[in-house]
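J.: Features from Swiss-Prot:
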type	residues	note
ACT_SITE	158	active site, proton acceptor
BINDING	59-79, 140-143, 257-259, 283-285, 301	NAD(+) binding site
BINDING	166, 169, 217, 220	Zn(2+) binding site
DOMAIN	34-323	domain 'Deacetylase sirtuin-type'
TRANSIT	1-25	transit peptide
């Protein structure tokens, strides 16, 4: 369990994270995986080479190598390490004490969460876009790591923690600006947390939370919320329609680092199936759509994706000669 301390000192705010020295941030939250299989690498290379309009959908598993935990990974995910569960949308909207607790914890966790950097998997996908291989990238993550890596053909399905909005008037604010307002309102407040959650949340006691002051919207005085989809909320229908159109334009779909347990992402796999698109999945552990995939790889995203050359062509290989034909489930009408 890692410990995180946030306290004011000599006019500055200090954040300190302690973790076991034997575990670097890139491996702390990554579940065990088998060694890379050269044959699987070749199969993924062929899949990518034959793709002309590739759509990629990423989940929390792509960011664990950047030091951000996921929810469901065996032994290392939030659900495996603790009985804590993410905040529910209805609780946040209805309860001022719930918002106070959320923002106090988020305030402590923000310096660490916002400092995370893209790993080789994020950079690889950004490079695929630059070289014209990637038609569109859809991420279920809220960490902004794809944007930091330079991806532009990007939809952040569940929003982004780096933005804050007012629940009354919809005014948007940069999260870093809100951090300064938190500091101004809580000049002598300090806290020590145990454990970090996938969305930058940390774990504080009720006593620590009680004295924390939360700012309101500068424009209308309304309550503030991170611009993300909390559990129990729904994705904006216009955004869903937009992604459905991108899937229908694509000729193949690659899932990276997602178990697809959440319907907001899984629905696009169903659309791809309806379109009879070949589907490949790169994820450590089983997913909800393994039976729909023509290729499944249990490897670290940051180890495998950089090995794929998006410029390589297989003009001598016909789609019907692929070693991993579409599964019968994917061919069903």
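FYI, residue positions are counted from 1 along the chain as it appears here.
Including glycine, each Cβ sits where the backbone N, Cα and C put it.
What you see is a predicted model, and the numbers here were worked out from it, not measured in a lab.
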J.: Whole-number answer please: how many Å between the C-alpha atoms of residue 63 (NAD(+) binding site) and residue 220 (Zn(2+) binding site)?
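T.: Here the two Cα atoms lie 36 Å apart.
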J.: CA-CA, which of the recorded positions 158, 166, 217, 220 lies nearest residue 283 (NAD(+) binding site)?
T.: 158
J.: Beyond 166, 169, 217, 220, what residues of that chain have CB atoms within 8 A of the centre of the Zn(2+) site's CB atoms?
T.: 167, 168, 170, 171, 216, 218, 219, 221, 222
J.: Taking the Cα atoms as reference points, how far is residue 217 (Zn(2+) binding site) from the residue listed as 'active site, proton acceptor' in Å?
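T.: The Cα atom of residue 217 (Zn(2+) binding site) is 22 Å away from the Cα atom of the residue listed as 'active site, proton acceptor'.
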J.: Distance check, please: Cα of residue 169 (Zn(2+) binding site) against Cα of the residue listed as 'active site, proton acceptor', rounded to an integer number of angstrom.
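T.: Taking the Cα atoms only, residue 169 (Zn(2+) binding site) lies 20 Å from the residue listed as 'active site, proton acceptor'.
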J.: If you compare CA-to-CA distances from residue 166 (Zn(2+) binding site) to each of the recorded positions 59, 67, 143, 158, which comes out shortest?
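T.: Looking at Cα distances from residue 166 (Zn(2+) binding site), the smallest one goes to 158.
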J.: Determine the Cβ neighbour count for residue 63 (NAD(+) binding site): the number of other Cβ atoms within 10 Å of its Cβ.
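T.: Its Cβ has 28 other Cβ atoms within 10 Å.
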J.: Quick one: pull the CA-CA distance for residue 158 (active site, proton acceptor) versus residue 59 (NAD(+) binding site), whole Å only.
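T.: Residue 158 (active site, proton acceptor) to residue 59 (NAD(+) binding site), Cα-Cα distance: 11 Å.
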